[in-house]
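**Student:** One structure is given below, represented as structure tokens, and several questions about it will come after.
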Amino acid sequence: FVSSQVEILDWETKKQLCFLDKVEPNATIREIRLMFHKLYPRWYPARQSIKLDPKGKSLRDEEILQHLPVGTTATLYFKDLGPQIGWTTVFLIEYTGPLFIYFVFYFRMTFVYGLDERFTSSPHPVVNLACICHSFHYIKRLIETVFVHRFSRGTMPLRNIVKNCLYYWGFAAWLAYYINHPLYTPPSYGKKQINFAVIMFLLCEAGNFSIHVALSDLQRNGSKTCKIPYPTKNPFTWLFFFVSCPNYTYEVGTWISFTIMTQCVPVGLFTLLCFIQMTVWAKDKHCTYLREFKDYPSHRMPIIPFLL
């Protein structure tokens, strides 16, 4: 193989930052990032966005230099992504907050409602059930973060953690305030409505977990390449026959069931926002599948079978 030369320019100023000589043609972008990091230690690999075009998409770590549309001298562009934080840490912070914030309202701390001893617990069993379900949901998410999820992108910008925490922590406080309020009234149809919601909640949680395990199994060997997910013997994964992102479908179903269970307007608004955001994510993922795979199942929809 004839060795290559790699010129790395600043994506804005077009100023040359470094010139790498005698780079192996089969070198990956990850290896080039490491070479760049040796010259500029403050820009560790996770902070680097390496592109073929200043306004183009970032190249993936596993892409190989000789497979890119470049000659023996490759010109690449560098963009600093800023301080990064690992996705595992992100999810642990995001999900631990709601878990403990909810308890502040559930145990009716005096500084929240300013109550006397007669109102330190709710007379409605659904309030206790809602706390159990809410806690179960976030404990499940924490377990998945540690033992199930495999992240194709290892980090996200540190600045985003504040925005994400405000979203998850803020909504957890808002929901908990109303569900645990002394003036809270239970669902209109009583036990029938609550029991239906609990069954739906558990089924959606089981489905969501099953999809996460199935997606994790696609990257069991450490591969970060995109693969088409297919249904397995687990019936909860059969939703893959109809949608590209059944994990989002089940997640929305979980919050719909929690809305039915609590019959609380803030929960319904949170569910609506979840649905909008997850629809955006599902459409992006669906488009990625269509772009990456010519044989991708044409009957699949992003998040809702046959509709959306």
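The backbone N, Cα and C atoms fix where each Cβ goes, glycine too.
Annotation comment: TrEMBL describes 5-80 as domain 'TECR-like N-terminal'. Residues or ranges marked as domain '3-oxo-5-alpha-steroid 4-dehydrogenase C-terminal' in TrEMBL: 155-308. The transmembrane segment annotation in TrEMBL covers 85-107, 166-184, 196-215, 235-250, 256-276.
Each of these features: where is it, how hidden is it, and who are its neighbours?
**Tutor:** Summarised as a single figure, the pLDDT of the domain 'TECR-like N-terminal' (5-80) averages 90.
Cβ atoms under 8 Å from those of the transmembrane segment (166-184) belong to residues 94-95, 97-98, 101-102, 104-106, 108, 112-113, 115, 119, 122, 124, 127, 130-131, 134, 262, 264-267, 270 of the same chain, restricted to positions at least 6 beyond its ends.
Remote same-chain partners of the transmembrane segment (196-215), defined as residues 6 or more beyond its termini with a Cβ less than 8 Å from a stretch Cβ, comprise 129, 133, 136-137, 140, 144, 148-149, 187, 229, 232, 234, 236-237, 239-240, 246-247, 249-251, 253-254, 256-258, 260-261.
Within the chain carrying the transmembrane segment (256-276), a Cβ under 8 angstroms from the stretch's Cβ atoms is held by residues 126, 129-130, 133-134, 137, 171, 174-175, 177-179, 184, 186-188, 193-194, 196-198, 200-201, 204, all 6 or more beyond its ends.
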